[in-house]
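Trainee: A single structure is presented below for examination.
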Amino acid sequence: MKYIDTHCHLLFPYYDEDREEVLQKVNDELDLFIEIGGDLDNSQKVVDFIKNQPKAFGTVGIHPTDSEGFDINLIDKLEELAKNDKIVGIGETGLDFYWETNKQTQYKVFDAQVSIAEKLNKPLVLHIRDAYDEAYEFLKKSNLPSKLGVVHCFSDTWETAKKFLDLGFYLGFDGPITYPKNAELRKVVQQTPFERILPETDSPFLPPVPFRGKRNMPIYVKYVYEKIAEIKKIDIEELKSKLYFNTMSLFF
Ligand SMILES: [Zn+2]
């Protein structure tokens, strides 16, 4: 059994020079990967790209920091793209209050995507930054798809993690669990039940140790697996089959 990356952005310009080579490695070393949409244009590209990539699946969505540039009248276009068979989720969507931005617009675009997810019954891929409480309160009172979704690149306290786990969400873990200063986050990994963990890279961002400062790649998900295996004291092959099962359970 090989590795899985449930969150990457191989269509971003960071791979324009050598995308074919990167894909070759991904196809050699991974069982499957999920290419995540970031705005309407990018979501269209995801749909076109995954069509001819046997190991690729995708999501379509408007990233919270792109909400202001998004014309809400085009939401039907996103919904059309979301109906594609190889589109396995809606996102990344959510709330990001780290940047100076119009919060009301973020809520509106998030809400529209939650509705699509609920209507098509596809899970949500959530991007949450500096807004865990707000996103939690919002989700709690929303109509959600039956399989809910994943809090992508979870990076907050166990107290917060537990709230999302109690709602029924999965938690995605990425390179930051390998960073020396993130002992608190490793405790979250330790306490999160196996059946709710998903492996991610968020490539080209958040490279794990020993690639910090470089461009991330889906094949580096191996280091995320190794860290989870070390924290959970489990054999890597056993971990692979558990994370494969989780990916299948949520997205397929
Ligand atoms: Zn992402």
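Heads up, the Cβ atoms here are built off N, Cα and C, so glycines get one too.
Quick caveat, the model's predicted, so the values are computed rather than measured.
The following feature annotations were taken from TrEMBL:
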BINDING   His7, His9, Glu92, Asp202  divalent metal cation 1 binding site
BINDING   His127, His152  divalent metal cation 2 binding site
Trainee: What's the CA to CA span in angstrom from Glu92 (divalent metal cation 1 binding site) over to His127 (divalent metal cation 2 binding site)?
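Mentor: The separation of the Cα atoms works out to 6 Å.
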Trainee: Given the recorded divalent metal cation 1 site (His7, His9, Glu92, Asp202), which additional residues of the same chain have their Cβ within 8 Å of the Cβ centre, ordered by sequence?
Mentor: Cys8, Ile36, Gly38, Val125, His127, His152, Cys153, Glu200, Thr201, Ser203, Phe205
Trainee: What Cα-Cα separation, expressed in whole Å, is found between His152 (divalent metal cation 2 binding site) and Asp202 (divalent metal cation 1 binding site)?
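Mentor: Given the Cα positions, His152 (divalent metal cation 2 binding site) is 9 Å from Asp202 (divalent metal cation 1 binding site).
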Trainee: Are there residues of the same chain, six or more positions away from His127 (divalent metal cation 2 binding site), whose CB falls under 8 angstroms from its CB, and which are they?
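Mentor: Non-local contacts for His127 (divalent metal cation 2 binding site): His63, Pro64, Gly91, Glu92, Thr93, Gly94, Asp96, His152, Cys153.
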Trainee: Reduce the DSSP letter at His152 (divalent metal cation 2 binding site) to three states and note it down.
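Mentor: In three-state terms, His152 (divalent metal cation 2 binding site) counts as coil.
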Trainee: Going by a 10 angstroms cut-off between Cβ atoms, which of the binding-site residues Glu92, Asp202 has the sparsest surroundings?
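Mentor: Minimum Cβ neighbour count within 10 Å, taken over the binding-site residues Glu92, Asp202, occurs at Asp202.
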Trainee: List nothing but the one residue from His7, His9, His152 whose Cβ has the fewest other Cβ atoms within 10 Å; the candidates are the binding-site residues.
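Mentor: Each of the binding-site residues His7, His9, His152 was scored by Cβ atoms within 10 Å; lowest is His9.
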Trainee: Reduced to three states, what secondary structure does DSSP give Glu92 (divalent metal cation 1 binding site)?
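Mentor: Going by the DSSP assignment, Glu92 (divalent metal cation 1 binding site) falls within a strand, counted as strand.
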